[in-house]
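Quick look at what TrEMBL lists:
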ACT_SITE  His85  active site, pros-phosphohistidine intermediate
BINDING   Lys1, Phe27, Arg55, Thr61, Arg72, Asn82  ATP binding site
DOMAIN    1-108  domain 'Nucleoside diphosphate kinase-like'
Amino acid sequence: KLVAMKFMQADEKLLQHHYSDLAGRPFFNGLVKFMQSGPVVPMVWEGTNVVATGRDMIGATNPLESKPGTIRGDLCIQVGRNIVHGSDSLPSAEKEIALWFKESELCPWTPHIEPSVYE
């Protein structure tokens, strides 16, 4: 379930921090510049196996390797012009959530039907 979302223009410092693990790569500066070329919509999703499920829905990093029906498989053409990011692990997700959101921006909630759906 969605617990946070906002529409924003990410600044260079935020993007450099977010992609710090790629800082030494030749495409790093271009990636940061591309990500600043328009607004982004960061989101926080919560649920059972949410990282793996999210990555299945997003598809492979290289759109040419993504299955039809995934976001990247249907909507992306080049790896350097990706339209979606998903955390690759729970620790990465926790780090990225703290980077993009204040605690007060998270909205935990329980759908009325949840006890009937999940054990």
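Here the Cβ of each residue, glycine as well, is placed from N, Cα and C on the backbone.
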Rounded to the nearest Å - Cα separation of His85 (active site, pros-phosphohistidine intermediate) and Lys1 (ATP binding site):
17
For the binding-site residues Thr61, Asn82, which one has the sparsest Cβ surroundings, going by other Cβ atoms within 10 Å?
Thr61
Would you find the one among the recorded positions Lys1, Arg55, Arg72, His85 whose Cβ has the most company, meaning other Cβ atoms within 10 Å?
Arg72
If you run through the domain 'Nucleoside diphosphate kinase-like' (1-108) with DSSP, how many residues end up as helix, strand and coil?
52 helix, 9 strand, 47 coil
Would you count the other C-beta atoms found within 10 angstroms of the C-beta of Phe27 (ATP binding site) for me?
12
For ATP, with binders Lys1, Phe27, Arg55, Thr61, Arg72, Asn82, what's the maximum Cα separation in whole Å?
33
